[in-house]
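Chemist: For 595-655, 709-765, the entry in TrEMBL reads domain 'CBS'. Among the features that TrEMBL reports, region 'Disordered' is placed at 768-788. For 71-100, 120-142, 236-259, 271-290, 323-344, 454-472, 478-500, 512-536, the entry in TrEMBL reads transmembrane segment.
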């Protein structure tokens, strides 16, 4: 009878396995178009630039003229309200993830410790199966439901805030996949963390709130659909990123600095206040949840979970002689961090180009195989290590040696023949990562670990972290980096203790410095990482030392390659614009940069058939619009976006029978479109020319583009250096820049005083201190508001 049940289970597993899609194309049928293209786009490195520039067309100016001060106040209040919602939502998501991970880990270790009291082999099998089940659930969620939720998500979010939208990264299904996938991958014991996914989770929550929810899953609310531009959504996503870091590390100030230093490309003082407010709300939510869980209502959620390793009772002073080994820790962190970045880049490239192209089944097999290897190493290696006798307990110490069966922490009794013995390798290997780091950071635990055990763990865990990074599961690198760094830091600390023979030297202090050095050498963060390490350790006295090792490790790492997120963004085909232009741009001009491009023009009034034909024959996203002037020359009157043209073609409201242009100066043009209609949904493909269906009569009609184009795009002269163009493009968050011939005359000159607007309360009029430029001819003065004709373009610089 038992054999029949076993045979039925095998047949059921085979049936389920046969129904799994074997390729991305098979798994893309039957869903929402915006979501179905996600994995294919990610695989091809496809991305699209965002429209952070304000399109000041006729409809926009008309709408702005109708808004008063009351609406402006309402708009600001809504932004602060959304910041509150983002903080609450991200905090609750972090609480749910941490409670779930800690409970799964607690049940796993409790069951394993209970079983190994009778049979180590049976406990080994149970341990492997539990980990395998959790990892299998995680990889199935990613491959079958939310492929964009794989990885940490920070490179994609960094690209979004830099002006590049990668399809699928901020969808509702990505949020769900990120939350539940993180629970399975971290709870399954893989060498990865949940901190990076929490940043992505916060960004998804912010984006969904900004667009009013998800229309596909019928979770949208009209009263939330306030922000219609990519600029406002960018600010919300910035708040979400900071909230994710604040929730992951309980470091609100570190979250603000992380958003400022690592992910954002544009920053304003008003945004900083909202980001700080969001991080503070997250801290309150997390603190409230932890207080509620102290009563035992959260199961195994206890000292683990939210990361905070209090080492305030450790080393409180340091001598000049210790600076040399601390600097050595910084050098080691820079070398190992740069090596980690390079190895993960090679393996990730091989995965994307060879392994993952074979289909979803290969991804599932790969993740399960890595889970199996990780379980065997974490359970098997401590069995090969001899146990050590427990140290003499101090009177005021709360550390128990060994830990009772079913508990995990310091001094784990694992495969020991005597009661008063512990296995130092099992203390860090057969444990959750949070508790293992807490053990490595712990003070007053001299000689708890042998150098052989620490070196064995360093080599094995470093290898596992490199191999695991890039699998089809949500994966963060903060905690694995802290694990690696704290291991070699503790090794250096053991050497310093034995060499200097000083009683005030703590091995845990050097473990903290090692963790900071590896993260600095890999991620290349300095200020935000320094504050995060201080906040999670609750020891401000170590701030100068953390600053020292971070500066050294970053300098060493920069000598070899770029940071982890920059390398991964480049691998994914995300065209990030760095803060500084390339050196060779200094000798190039704007005309040289766009000389290979063919500019596609649209006349102001164009036939619908010609418009459709031109949209089908090229993939440009911006088109200059020209108009025939009175003297017969063609002049540029503005820029129109492809997405706006598709909206006009789909609605058909602005089609006209006559090829004559409308009169914009008269102000009698009816506004038939809401500005929100022209905004592309976040992280989706949006409209395509293939989605437009027009009759033969429609194709014979005309459309006037003047009311919908941007009449004031940014323009640069053709001989401007590419360095200045680069800085202008990045700092303003542009998508297109016109390159025009050198202007023949000047109609005005704006100085600082011209931008100072004085408002008189009584008359409510605005006064401008204006400046003008005299023509070279005597007695001739050029009027400030004179109309000028813009010559034709030499080229068009775009961000693809």
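Yeah, the Cβs are placed from backbone N, Cα and C, and that goes for glycine too.
Remember, it's a predicted structure, so these values are computed and weren't measured experimentally.
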Chemist: Taking a Cβ cut-off under 8 Å, which residues six or more beyond the ends of the transmembrane segment (478-500) line up next to it in the same chain?
Modeler: 191-196, 248-249, 307, 321-322, 325, 328-329, 332-333, 336-337, 340, 428, 433-434, 436-437, 440-441, 446, 449, 451, 454-455, 457-458, 461-462, 465, 506-519, 522-523
Chemist: Output the single range from 271-290, 454-472, 512-536 maximising the number of Cβ pairs under 8 Å to the transmembrane segment (120-142).
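Modeler: Per the Cβ count, the answer is 454-472.
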Chemist: Within the same chain, where does the transmembrane segment (236-259) have neighbours whose Cβ lies under 8 angstroms from its own Cβ atoms, ignoring anything closer than 6 residues to its ends? I mean 6 or more beyond.
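Modeler: Residues 82-83, 86-87, 90-91, 93-94, 157, 160-161, 170, 194-195, 198-207, 209-210, 227, 271-272, 274-276, 278-283, 285-287, 306-308, 478, 525, 527-529, 531-532, 535-536 contact the transmembrane segment (236-259) from elsewhere in the chain.
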Chemist: Other than its close neighbours in sequence, what residues sit by the transmembrane segment (454-472), given a CB gap under 8 Å and a spacing of at least six beyond its ends?
Modeler: 139, 142-143, 147, 150-151, 190-192, 336, 340, 343-344, 347-348, 351, 356, 360, 363-364, 366-367, 370, 373-374, 377, 381, 425, 428-429, 480-481, 483-484, 487-488, 490-491, 494
Chemist: Tally the residues of the domain 'CBS' (595-655) by DSSP class, grouping H, G and I as helix, E and B as strand, and everything else as coil.
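Modeler: Helix, strand, coil within the domain 'CBS' (595-655): 20 helix, 21 strand, 20 coil.
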Chemist: Hey, which bits of the same chain come close to the transmembrane segment (323-344), Cβ under 8 Å, at least six residues off its ends?
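Modeler: That would be 462, 465-466, 469-470, 481, 484-485, 488-489, 492, 495-496, 510, 513-514, 516-523, 545, 548-557, 559-564, 567-568.
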